[in-house]
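**Q** Pasting the feature list from TrEMBL:
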DOMAIN    29-406  domain 'Major facilitator superfamily (MFS) profile'
TRANSMEM  29-46  transmembrane segment
TRANSMEM  58-83  transmembrane segment
TRANSMEM  95-113  transmembrane segment
TRANSMEM  152-170  transmembrane segment
TRANSMEM  182-200  transmembrane segment
TRANSMEM  233-253  transmembrane segment
TRANSMEM  265-283  transmembrane segment
TRANSMEM  295-313  transmembrane segment
TRANSMEM  377-399  transmembrane segment
Amino acid sequence: MSQKSADSEAQRQSAPLVNPASAQLDTPLLMAMAVACGVFVANVYFNQPILELLQRAFPRSVALVNLVPTATQLGFACGLFFLVPLGDRVDRRKLILGQAALLIVALVCVATAPNVWALVAASAVVGLSASVAQQIVPFAAELATPGRRGQVVGTVMSGVLCGMLLGRAFGGFAGDHWGWRATFWLGAITTALAWLMLLARLPHSAPKTDHGYIRLMKSLIVLWREEPLLRRATCIQAALFGSFIGLWTILALRLHQAFGLGADVAGLMGVVGAAGILIAPLAGRVADRRGPHAVIGLGCLIMLVSYAVLGFWGSLVGLVVGIVLLDFGEQAALISNQHVIYALRPEARSRLNTLFMSGMFVGGAAGSWGAGLSWRLGGWPAASLFGGALVLLAFVLHFSGRLAARGKAGA
């Protein structure tokens, strides 16, 4: 055996070698995966509340500074579409640890950026490598037994969405108190700690396909064409996520207009929203016991109730209650839709996740744009109607799909 082969074998033996089909996903590993997802995703949102600080740091390049959040989001989208499918082709442990290591390096480059061009480029790499969170989600689904898959996916996705909500709050707080460079240094440190957690606990996984990269990417088209449940789940979640992101897009405007509150309170509302997300794994348990389709419908109904609360209960308490209900309903439906798609083709879970999450984020972008337009045209009532209409669309898609499925079963 060559020295290179011996080194490779020793490296593989340094981590647990697990057959994913029979792996026991214990609580410490599940918690490590959920926390790591939250930490990785939070890095994508640090720059949004500190954009003004970045403009002050580079006063001669304000237009380029404004591209920093866009570059980060574009990087994330590219990682989601071009890197996540690799989870079906290579050992997921190596892929996750490699992407997370790149994320640490990118965060250090942002924190030490000497000019705005370096800042924009490093921010794009932050987004690209932070898509590692979407490598972890299908891996957790693979390691889970079928009877626990909803609960497991719910727990890990709670980490993802908490990272989205709390990342803005943390970025704003750290930037105001310690400066924008310190914000990204802290991000690099927490990401390194998450990397060490995963290094100690992640098992190896066997490749699910021997497709080359080009063939792997072409198979995305085949999966989309051949799996109607994937198409329906993606469209439903795109509408729900658009409604969810739309509210968070205009929340600061609502707080300022109706209550005279500033952006700092809007950041704290992320903590409130996280409460709804953290209790959502309960919906995953229900999906495991009663089936995911019932929970998708329930999530849509809860979100409709949340918009009724937001539209007709005009106090700050009503806003808080509406946000918690909205976040809980969106997360319950998300967990259950992922439960549906991960059961379709176990050998293609990463590619299924790529299509599903890409569609979801397209819906989020459309929802953000539509909510902003609705606000400009009709204020809070129009924005509430827009968000509620998206949820209603999702419910109609879900209900019509269930009717069609029952019709085929009865034929």
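Cβ coordinates are placed from backbone N, Cα and C, and glycine is handled just like the others.
Relative to the rest of the structure, where do these features sit?
**A** The list of residues near the transmembrane segment (95-113) in space but at least 6 beyond its ends in sequence, with Cβ under 8 angstroms from a Cβ of it, reads 36, 40, 43, 79, 83, 86-87, 119, 122-123, 125-126, 128-132, 135-136, 139, 181-182, 184-185, 187-188, 191-192, 194-195, 198-199, 202.
Under 8 Å from some Cβ of the transmembrane segment (152-170) lie the Cβ atoms of residues 25, 30-31, 33-46, 48-49, 133, 136-137, 140-141, 143-144, 183, 248, 267-268, 270-271, 273-274, 277-278, 280-285, 287, 327, 331, 334-335, 338-339, 342, all in the same chain and six or more residues away from its ends.
Remote same-chain partners of the transmembrane segment (377-399), defined as residues 6 or more beyond its termini with a Cβ less than 8 Å from a stretch Cβ, comprise 232, 235-237, 239-240, 242-243, 246-247, 250, 254, 257-258, 293, 296-297, 300-301, 303-304, 307-308, 310-311, 333, 367, 370-371.
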**Q** Sequence gap of 6 or more, Cβ distance under 8 Å, 3 or more pairs: do the transmembrane segment (295-313) and the transmembrane segment (233-253) meet that?
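**A** Between the transmembrane segment (233-253) and the transmembrane segment (295-313), which are separate recorded stretches, there is contact, as judged by 3 or more close Cβ pairs.
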**Q** Grab the same-chain neighbours of the transmembrane segment (182-200) for me: Cβ-Cβ under 8 Å, and only residues 6 or more beyond its ends, written as numbers and ranges.
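**A** Beyond its ends, the transmembrane segment (182-200) has Cβ neighbours at 15, 32-33, 35-36, 39-40, 42-43, 46, 50, 96-97, 100-101, 103-104, 107-108, 110-111, 170-171, 174-175.
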**Q** If we skip the immediate neighbours and take only residues 6+ beyond the ends of the transmembrane segment (265-283), which ones have a Cβ under 8 Å from one of its Cβ atoms?
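**A** Non-local partners: 49, 150-151, 154-155, 157-158, 161-162, 165-166, 168-169, 172-173, 248, 251-252, 255, 295, 298-299, 320, 323-328, 331-332, 335-336.
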